[in-house]
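Visitor: The site 'Transition state stabilizer' feature in Swiss-Prot is assigned to R17; the stated evidence is sequence analysis. Residues or ranges marked as active site, proton acceptor in Swiss-Prot: Y22. Residues or ranges marked as substrate binding site by Swiss-Prot on the basis of sequence analysis: N73, H79, D86, L100, S101, R110. Annotation comment: Swiss-Prot describes H99 as active site, proton donor, evidence class sequence analysis.
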Amino acid sequence: MHLLLLNGPNLNLLGQREPGIYGSGTLASIEDGLRQEATAAGAVLECFQSNFEGALVERIHQAIGASQGILINAGAFTHTSIALRDALLGVAIPYVELHLSNTHAREPFRHRSYLADRAVGVVSGFGAMSYSLALQGLIDHLRQNG
């Protein structure tokens, strides 16, 4: 089973950017731990981060025929990007939306997601553990639903 983890804008700054909200762990440490979890579950996890919407759209397109599931923390693009939504729907690969912070406990403009209504599930508010919970949920979903 091949899974793709997508991280959007500013997530490359984890560990430096607003640690009170996003935690002190780096994206690299989150990805390393998640790869280990995926391997233990019999899956391969590929990670990709970009601050550019078009690069994320292109990487989603490249997942056709290669990835069985997608984990996506689109960052601020969650609340603005119809392009990411259309790309995810276009490839028809099951995906889980995830966030480090509870977006519903933050500013009102963060309450709207263009991705959530078509996602297998949404995990938010558990810090770095959101990634692990999203991975577990996606793997379980794929095993149950082929």
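Using the three backbone atoms N, Cα and C, a Cβ is placed for every residue, glycine included.
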Visitor: Rounded to a whole angstrom, what is the C-alpha distance between D86 (substrate binding site) and the residue listed as 'active site, proton donor'?
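Guide: Here the two Cα atoms lie 20 Å apart.
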Visitor: Taking the Cβ of D86 (substrate binding site) as centre, how many other Cβ atoms lie within 10 Å?
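Guide: Other Cβ atoms within 10 Å of D86 (substrate binding site): 13.
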Visitor: Among N73, S101, all listed as binding-site residues, which has the most CB atoms within 10 Å of its CB?
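Guide: When each Cβ's neighbours within 10 Å are tallied, N73 tops the list.
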